[in-house]
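K.L.:
Below are the structure tokens for one structure; questions will follow.
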Amino acid sequence: MGRRDIELQTNKVYGHDVVADAEGPSTAHQISSDSWFQVGFILTTGINSAYVLGYSGTVMVPLGWTGGVVGLVLATIISLYANALIAHLHEYGGQRHIRYRDLAGYIYGKKAYSLTWALQYINLFMINTGYIILAGSALKATYVLFRDDGLLKLPYCIAIAGLVCAMFAICIPHLSALGIWLGFSTVFSLIYIIISFLLSLKDGLHSPPRDYKIPGEGFSKVFTIIGASANLVFAFNTGMLPEIQATIRQPVVKNMMNALYFQFTAGVLPLYLVAFTGYWAYGSSTSVYLLNSVNGPVWVKATANITAFLQSVIALHIFASPMYEFLDTKYGIKGSALNVKNMSFRIVVRGGYLAFNTFVSAFLPFLGDFMSLTGAISTFPLTFILANHMYLKAKEEKLTSSQKLWHWFNIGFFSIMSILATIAALRLIAVDSKTYHVFADV
């Protein structure tokens, strides 16, 4: 299938044909150009981003050993299952659906298209907010290692991080153009993962017995546990699988499944290693940013923080790419990335988008709370509720009664979890906002 054929096919939305514009492609970004291995690395970059430095404190601490270990393993299995459902619908109806909203619109209609796009936008915006908070936290942690004078506060570090993210977004036109940067991202990830693991292991071996009691009492403890369940699903899911699958070569379903198997086997091991070792070493006192808990040579900790900062910049670009693709396609940005018009567009539009993202990050810099809220209001609906219902509707005639019941059970269960986790996350943000203040230096 040639690119022209794909472009014509992807103009079919909402269950009926749309006459394609012969002059303009359906997307300004590249599709069908990447191997499954490169796509697997993109997915692995997402789950082993600097967010892994937060799971000891945001997942293991509120859930404890039993809940944390079982929860992470179950989240891995159900996330693979849910993503596989979406991957198998990529060519539903004999055509490719290169955007999540296109797939929903084809199955349900125009209203679902708009609702899915809104959910996805919220999901990706909040993930990117977290990345900017992470990058800012890494910068501040680096500064404190050399000068703990309180002059360079977290909001300033977040502003610097946002500027660097904007510069990177301007220079890299689309997802497939990441190329060698994925290699750098992998190296950066390995550095801070290995350092955090070794320093946590050293501290754990030389520390007195730790307290692993789940913090909180009564309803406060219940809300914290529910919020942590949203962090579990947040850890493994992108909310943009069709957009990533659009970059993969034919056969798209088989290759995407290879990429998913890579992500959910070899790809999850570093996450497990850091999350479990960090919690083992520091118990319920583990920081939400693990590198704030570890002890070791200044230059080693500085290296880990700097690589976490750089990797966050690259990872943010992955999760911002659906918004960039939407804007580039809408305004006809195509051709050379160095074209004056294209470069100016990226400076103004991407720069403006990330400026707003950065403002929100500095305004409410509560990383764990944003992870919980993102998982609750967007990851649960997009990855679990919608995926099961879309598959049920698309394959209804081929499913047995027991299979249909299974999908309805998933829809009901994850809907309840989404509601409860949203309430818990909003409560956590309200509590933290009272404890600290806006533009807090946490």
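Glycine too: its Cβ is placed from the backbone N, Cα and C atoms.
Positions annotated as domain 'Amino acid transporter transmembrane' by TrEMBL: 34-425. Sequence annotations record features per position, and here TrEMBL assigns transmembrane segment to 36-53, 65-89, 121-146, 152-172, 179-199, 219-239, 260-282, 302-327, 347-364, 370-387, 408-430.
Quick one: how deep are these features, and who are their neighbours?
P.N.:
Residues 55, 59, 97, 100, 103, 107, 212, 214, 225, 228-229, 232-233, 235-237, 241-242, 245, 253, 256-257, 260-261, 264, 268, 271-272, 275-276, 279, 383-384, 387-388, 390-391, 394 of the same chain lie 6+ residues outside the transmembrane segment (65-89) yet bring a C-beta within less than 8 angstroms of a C-beta in it.
Nonlocal intrachain contacts for the transmembrane segment (121-146), taken as residues 6+ away from its ends with a CB within less than 8 angstroms of a stretch CB, comprise 49-51, 53-54, 152-155, 157-162, 164-165, 239-240, 289, 291-292, 298, 301-302, 305-306, 308-309, 312-313, 315-316, 319-320, 322-323, 354, 357-358, 360-362, 365-367, 370-371, 373-374, 377-379, 382.
Within its own chain, the transmembrane segment (152-172) has Cβ neighbours under 8 Å at 131-133, 135-137, 139-140, 143, 178, 181, 309, 312-314, 316-317, 320, 324, 343, 346-347, 350-351, 354-355, 357-358, 361-362, 365, 439-442, counting only residues six or more beyond its boundaries.
If you look at the transmembrane segment (302-327), the same-chain residues 6 or more away from its ends with a CB under 8 A from one of its CBs are 27-29, 42, 45-46, 49-50, 53, 99-100, 120-121, 124-125, 127-128, 131-132, 134-135, 138-139, 141-142, 145-146, 161, 164-165, 168-169, 172, 174-175, 178, 181-182, 184-185, 187-189, 191-192, 195-196, 238, 240, 243, 291, 333, 349-350, 353-354.
When Cβ-Cβ distances below 8 Å are used as the criterion, the transmembrane segment (347-364) is approached by residues 125, 128-130, 132-133, 136, 154-155, 158-159, 161-163, 165-166, 169-170, 320, 323-324, 327, 331, 370, 429, 433, 438-439 of the same chain, each at least six residues removed from its ends.
Proximity of distant same-chain residues to the transmembrane segment (370-387), defined by a Cβ-Cβ separation under 8 Å and at least 6 residues beyond the stretch ends, is recorded for 51, 54, 58, 78-79, 82-83, 85-86, 100, 104, 116, 119-120, 122-123, 126-127, 129-130, 133, 227-234, 237, 239, 364, 410-411, 414-415, 417-418, 421-422, 424-426, 428-429.
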K.L.:
Give the one range among 36-53, 219-239, 408-430 whose Cβ atoms make the most pairs under 8 Å with those of the transmembrane segment (179-199).
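P.N.:
Stretch with maximum Cβ contacts: 36-53.
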